[in-house]
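Taking it in order: structure first as structure tokens, then the write-up.
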Amino acid sequence: MQDTKKFFENLSGAGKSIGVLTSGGDAQGMNAAVRAVVRMGIYVGAKVYFIHEGYQGMVDGGDNIKEASWESVSSMLQVGGTVIGSARCKDFRTHEGRLRAALNLVQRGITNLCVIGGDGSLTGANLFREEWSGLLDELVQSGQISEEAAQTHSALHIVGMVGSIDNDFCGTDMTIGTDSALHRIIEVVDAIMTTAQSHQRTFVLEVMGRHCGYLALVSALACGADWVLIPEMPPKDGWEEQMCHKLSENRADKKRLNIIIVAEGAIDQNNKPITTELIKDLVVRCLGFDTRVTILGHVQRGGTPSAFDRILASRMGVEAVLALLEASPGTPACVVSLCGNQAVRLPLMECVQMTQEVQKAMDEKRFEEAVKLRGRSFENNLNTYKLLSHRKIDAELPRSSFNVAVLNVGAPAAGMNAAVRSAVRVGITEGHTLFAVNDGFEGFSKGQIKEIKWGDVGGWTGQGGSLLGTKRTLPAKHIDKIAEQMRIHNINALLVIGGFEAYLGLLELQAARSKHAELCVPMVMVPATVSNNIPGSDLSIGADTALNAITDTCDRIKQSASGTKRRVFIIETMGGYCGYLATVGGLAAGADAAYIYEEPFDIRDLQSNVEHLTEKMKTSIQRGLVLRNENCSENYTTDFIYQLYSEEGKGVFDCRKNVLGHMQQGGAPSPFDRNFGTKIAAKAMQWISKKLKEFYRTGKEKLDVKVFRQGKKMFHRIPKEQWWLRLRPLMKILAKYKTSYDVSDSGQLEHIVRLRAKDISAI
């Protein structure tokens, strides 16, 4: 196994020049991608050039193409848009324009291009690559470059990254900017909900997405909208009456507001546009509701990038440089994509062709096919929305006679309420009777159990904390009473939403099955903890919201440090013994170091970090940011590290410390956590229904939790394998530390069709 590992230290960029440009519409996170390309390029010994104003700058040359330095990308991470500029370029579409661009690149020795943009920008880059040798021949014939220069620069390598808020590119689960755009939409929807509730209004919101309904669909899921209209799913004839019936039904159920979300490209079955004004007139005419229209417009493109987009863009930027270093003259242009939590490379034109096929399918009214071509992520979102959106009247519901209890266990995590809402509504749709348990296992033992109905969970998606109440108490002491309550209420299945206590609690209930027949029922756990330390799960509900809280705070702290100069901040994050928040938060905030339990460190490492910061203070970036997981070391406490840095940095920099504490658990859930909680709780409830039908009371049900080896790791509550540890070298590289980085997984150019055939359960 060790022999097959490949480390990037063997890849040298010496003598190579990389040009980086952003093209087409801007998207939050583009700057993080530019920063990663520049720093990784310089790190491996290559020269990196900014190409300002996209393809226009490449055609015009001059000062538009400038060499980048390590310091020149400092403070870019938290800035929205693109600081190197982007422009739509007519000149590059002409042969003469591409000829001038080729001359400008050859003069600077640039034969590697990193293009961040949409499918149009990437298609243009591929055409440029295909024409490259012909363009060089023309330049030689006209005497603008020598034969020798043409031979030296004979091959142009292209790597693309998709920067688009619409998430309309096939082959990647998420494009750079989509998550941030969802943040902007949800901020607006949350604000609108309070005013709509005050006046009992209906709001019609238009979001971006001319050809793709991803933003509309996911924001509708994340805010519990009453109706959504997207280009991929035109409503069936008679939708107007259905929508008005649904709105009036919700009002009758004591709901004081209605939200309708419309993608700007929404169409009906006949490909006619459905506008916000048309919907407003319809609601006013049929129902007489006070209705307002809000068009979000370019607000969605603006603002600071979310933690997710910064991490995604940083990973893609590093992967793009690796792809350029490994490229040979015959390597096709590739695009760096996200598949689950892996960065993968796909042939650029395969992705572009599939993206174009989606539009073709929609033009030809093959809408179901268009949804499938969009990919698993889009399809999962759409299926979950359909599952939750259409409330059936009691007469239509299948009656299962099963009772399912839902409870929260452990510390609160943002997104728990979205998961409860989803579980309750899917359970009711499946015909079950749902019971809510207050205050975790403790409340269960005391009989704090009551039936929960469809309307009881209205408006829960955007609420932080746990509305059911949650406690860390484990069930072992209360097993007899819990079994009694399950018998009294005839509970046939259990859905537990929570952190490590929920995991341990289910193991304890499983162990007690031999004594209590009442516990021989299907039980499933939905992971919800900011620590993200549940075995068998890559992500937990609440971790993304906590990451955004850390990133926002670090941004403010960095701003304060850049004003005072020569200041280092030591910030303590939550996470128990799991270093997820410190590591991934460090990558998103641009930290210089992150101390975690999983990577032991000693006084020599601390000394090395101090020396590194001392060197940094000699540059134009006179500030430092160090993150520390709360339990990373028993003796190297936050106070100790603060005092050590203060003493060793005397005369060079001063120190401040900040313990973030419970602010990481609070606040409104991020769009990701709302959506993730909604989807996995729906899947959990469907699993319960399946098990109830298959094995009711046979005692054969297995917990949907894999028991892992008891011992030290169990005590410290850390899974044996943690995917995010692979991101640590990235953080160190981008902070200018010499480190080793295993790139064994990189370098494989996969094919989009083969990738789609894999059973990837995209988030």
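Backbone N, Cα and C atoms are what each Cβ position is placed from, and that goes for glycine too.
TrEMBL labels come from automatic prediction, so no person has curated them.
Straight from TrEMBL, the features:
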type     : residues                                                          : note
DOMAIN   : 18-323                                                            : domain 'Phosphofructokinase'
ACT_SITE : Asp166                                                            : active site, proton acceptor
DOMAIN   : 403-688                                                           : domain 'Phosphofructokinase'
REGION   : 403-763                                                           : region 'C-terminal regulatory PFK domain 2'
BINDING  : Arg472, 529-533, Arg567, 574-576, Glu630, Arg656, 662-665, Arg717 : beta-D-fructose 2,6-bisphosphate binding site
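Here the binding-site residues are Ser531, Gln665, and the one whose Cβ sees the fewest other Cβ atoms within 10 Å is Gln665. Closest by Cα distance to Asp166 (active site, proton acceptor), from the binding-site residues Arg472, Arg567, His662, is His662.
Each of the binding-site residues Arg472, Arg567 was scored by the number of other CB atoms within 10 Å of its CB, and the largest score is that of Arg567.
The Cβ of Gly576 (beta-D-fructose 2,6-bisphosphate binding site) lies under 8 Å from the Cβ of Phe500, Ser531, Asn533, Glu630, Asn631, His716, Arg717, each of these being in the same chain and 6 or more residues away along the sequence. If you average pLDDT over the domain 'Phosphofructokinase' (403-688) in this model, you get 94. Sequence-distant contacts of His662 (beta-D-fructose 2,6-bisphosphate binding site), defined by Cβ-Cβ distance under 8 angstroms and a gap of at least six in the same chain, are Met574.
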